[in-house]
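Report on one structure; see the data block that follows.
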Amino acid sequence: MTLYCLFEDLSPWIFLVTAIPTMLTGNNTTFFAIILSYISDTSTKETRGMRMAFSEVALATGSLLGSISSSYIFYATNYPSMFAIGLGCLLISIAYTTFFVPESIKNISNSKENKINNEAKKEKLIQLKLFKEIIQTTIKKRENYGRSIIVLTIISIIIYISITHADTSTRYMFLRGKLNWTFTKYNIYNSICSLIWVAGTMTGTYILQRKFHVPDSILAFIGLISMLSCIVLQFLATNDTIMYIAGGSRCLIGLVAPMLRANISRLVPSDEVGKIFAMVVGGGALAAASLTPIYTVVYNSTIYINSALYNLTSISLLTVTIALVMLIIFLEQISKAEVQTVKEVDVKES
């Protein structure tokens, strides 16, 4: 992109060339799957949820700083300078990861399975076998309702991520039409909401999980209720005050994805975590890309009736997600009761 911006007379079609590296490497899908797997490998069951929550906070903080500073940097410089700064940040990240982040998997180069995989990679760039393994690992039968809990958790995460992306992409059009907000006013609102989100996620994770030891699935349920209240208030909003109250009510939504992911990592062995997270991140990306146009169609179809009606789509999907998480909590309680019963029987027999 930096090189493309340096030449003003280039055809817009050449812009598509910049997407080739993204297509070959997987872009954010690969990045997030690796990040989640690394956190799972390097943390304990007690600290995993908090670390995943803090990773979400770090990403949100970086996004907030970028959105606040980007407009000022652009007006002070130009397009090539903007992309050059972004390139510099990426190079720093790559260097830090290469030289300072230790490998979480020990003796990976000596394993027989790794050698076989490397030989297969040399033969084919795309291996359908890997996709099959991901699906098989996800739906593999497990003890104590493990498979049902994992599948329900994956579906919940995918729906939640899709709602988040689709609602964010439509919200500006809604606020511009409903409350006559400018883009600057919308950016200020987003920045304030991000600060509330970061503070709420850090505080909620520390107090509820570290101090009161609330289970991950219940924390995710609390986060979903927080998001539902935000969407309901957004649907009812008639002025700026209600919108800011809605933004404040979403203070705990940052608990949802990290806690559901941490819940998955507790149920599967370390060598299967990466495959499960690949399914989660990949499925979330595909679902978000599919749902966003649907939101746009719904908004455009109802704009002259009531521009807030598209929020009913989010409310419906969130209600389904909350029901799924409640089912997860129920299955976990049954599983714990059965495990406790088995332990008591073993003690009596011994």
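Placed from the backbone N, Cα and C atoms, the Cβ positions cover glycine too.
According to TrEMBL, the protein carries these features:
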- 12-36: transmembrane segment (TRANSMEM)
- 57-75: transmembrane segment (TRANSMEM)
- 81-102: transmembrane segment (TRANSMEM)
- 149-166: transmembrane segment (TRANSMEM)
- 186-206: transmembrane segment (TRANSMEM)
- 218-236: transmembrane segment (TRANSMEM)
- 242-264: transmembrane segment (TRANSMEM)
- 276-296: transmembrane segment (TRANSMEM)
- 308-331: transmembrane segment (TRANSMEM)
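With pairs at least 6 apart in sequence, the transmembrane segment (186-206) and the transmembrane segment (57-75) have 3 or more Cβ pairs within the 8 Å limit; the two touch. The transmembrane segment (149-166) shares more Cβ pairs under 8 Å with 276-296 than with any other stretch in the list 12-36, 81-102, 186-206, 242-264, 276-296. Contact counts against the transmembrane segment (186-206), taken as Cβ pairs under 8 Å, peak for 242-264 among the stretches 242-264, 276-296, 308-331.
Scored by C-beta pairs under 8 angstroms, the transmembrane segment (276-296) has its highest count with 12-36, from the stretches 12-36, 81-102, 242-264, 308-331.
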